[in-house]
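Working notes, beginning with the structure itself.
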Amino acid sequence: MTVQTFIPNGAKAASENTVNQPVHTSDVSIKKLYIETQGCQMNEYDSHRMADLLGDSHGYVLTTDPKEADILLMNTCSIREKAQEKVFSELGRWRKLKQQNPDLIIGVGGCVASQEGDNIQKRAPYVDMVFGPQTLHRLPQMLDQHQDQIEKPKKDKIKLVDISFPDIEKFDFLPEPRVEGFKAFVSIMEGCSKYCSFCVVPYTRGEEVSRPLDDVLAEIAGLAEKGVREISLLGQNVNGYRGETFEGGICTFPELLRLVSEIPGIGRLRYTTSHPLEFSEELIQCYRDLPQMVSHLHLPVQSGSNAVLQAMKRNHTIDVYIEKIAKLRKIRPDMHLSSDFIIGFPGETEQNFEETYQFIKDLDFDHSYSFIYSKRPGTPASELEDTTSEAVKKERLAKVQHWIKQSSIRKTDAMQGTIQRVLIENVSEKDPNLLVGTADNTRLVTFVGDPMWVGRFAEIEITEIKTLNLVYGELLNLEPDVA
């Protein structure tokens, strides 16, 4: 989990990858917006939508320099304590910018905003607006309210805080998403109803609410018409999707995947974040039937110990997880698997950890988001006694991360001589004769080709391993352009 400056869609900067940047302009009459995004891909998606929204409503243009911005927005994450403290650390830096420019508008959104509410303005009174993940669509109105209050005496000003949970209303008010590049995120549901003992998501984003099926399909079809070829479906518990159909029925997540696969132009499907409980037989069969489904799965498990899973209230066992992955790999032997791991959960014994470590090796994960447990106020786990020292936790985490990194290296090395289906995304910054794309397993693939091929899929034979995430190859076959 990282903190990153918001940049337009397509935006994973890498050694051989070029990205679309916000337009820079010297015209001081143009209002400029800076968004800092913390945390998950849901937040990244929300930041895109904030930019679309304020661009349409107030004409704001994105900038990568907070010093030249007229409005600063921070889209926050509260999963871990350190991430939460980074919010106030960054706000301290933004305070200096506001001292230099009193007209600067500062807004805080996301999960920390939802959790802290007006406490943010008590701790940082120079913050003008606080809004939650479900109320970002009200930003234009909040901005207008702020402008209306500028001339009022301080005693007459009201705090602009909106952290309510108006179901799925926000999607009805967001503009059509802008397209930059050939990949796009599409949020299909919000919130989570699992109430794992360590997690704040149900309290900061609310319980699970699915977008109507027709809305999701219409958004994806619109993106495909604009050249998007890879869709990543998003949700805190994305495979628990149950969207209402036009006829009043319910569409499950596997049914949604099958419908999306029929949309012309969509050549690749990903999703995150999923839960083992809803990783159903029907979902596994989608990997058998739908070539658009990538051979890469992120399925958070959190621990490889049944005792720890029970304390986490995950409501499944390790055997259930292993059985589902075995079925999936029988269909897709080349499946790359990643997961989330919480190390040092309260009560985790040395035996519990060793069970997790062995589990990681047995399932051969090649990527993970692994962290030391972070106590979150208001969660059941925050009341549990924690007797493990920080030194032991750090040692355990290092052991897990080292093994997974070595596994990732082995899997990248094993790509030598294989044929990979690659989405060609851009021309290399370093060499105009080279094209850059991504394989199913997220590795960057570089090869010699015509810039006119950008946006198409190709079969590439891997000829050289450059780094952990970068390989070189040669073109074997260029798929027809579906545009």
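Just so you know, glycine gets a Cβ as well, placed from its N, Cα and C.
Fair warning: this is a prediction, and the values are worked out from it, not measured in the lab.
What Swiss-Prot says about this protein:
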type    : residues               : note
BINDING : Cys40, Cys77, Cys111   : [4Fe-4S] cluster 1 binding site
BINDING : Cys192, Cys196, Cys199 : [4Fe-4S] cluster 2 binding site
DOMAIN  : 31-148                 : domain 'MTTase N-terminal'
DOMAIN  : 178-410                : domain 'Radical SAM core'
DOMAIN  : 413-477                : domain 'TRAM'
Q) Per DSSP, what is the residue count of the domain 'MTTase N-terminal' (31-148) in each of helix, strand and coil? A) 66 helix, 24 strand, 28 coil
Q: For the domain 'TRAM' (413-477), give the DSSP counts of helix residues, strand residues and coil residues.
A: 4 helix, 39 strand, 22 coil
Q: Would you mind pulling the DSSP three-state label for Cys192 ([4Fe-4S] cluster 2 binding site)?
A: coil
Q. Rounded to an integer, what is the Cα-Cα distance in Å between Cys196 ([4Fe-4S] cluster 2 binding site) and Cys40 ([4Fe-4S] cluster 1 binding site)?
A. 18
Q.
Counting across all protein chains present, how many other Cβ atoms fall within 10 Å of the Cβ of Cys199 ([4Fe-4S] cluster 2 binding site)?
A. 21
Q) Taking the centroid of the Cβ atoms of Cys192, Cys196, Cys199 ([4Fe-4S] cluster 2 site), which other same-chain residues have Cβ within 8 Å of it? A) Lys194, Tyr195, Phe198, Val200, Val201, Pro202, Gln236
Q | Alpha-carbon distance [Cys199 ([4Fe-4S] cluster 2 binding site); Cys40 ([4Fe-4S] cluster 1 binding site)] in Å | A | 14
Q) Within 10 angstroms of the C-beta of Cys77 ([4Fe-4S] cluster 1 binding site), what count of other C-beta atoms is obtained when all protein chains are considered? A) 23
**Q.** Tertiary neighbours of Cys111 ([4Fe-4S] cluster 1 binding site) (same chain, Cβ under 8 Å, six or more apart)
**A.** Gly39, Asn43, Thr76, Cys77, Ser78, Ile79, Gly132, Pro133, Val200, Val201, Thr204, Arg205
Q: Quick one: give me the count of other CB atoms within 10 A of the CB of Cys196 ([4Fe-4S] cluster 2 binding site).
A: 21
**Q.** Residue with minimal Cβ packing [other Cβ atoms within 10 Å] among the binding-site residues Cys40, Cys192
**A.** Cys40
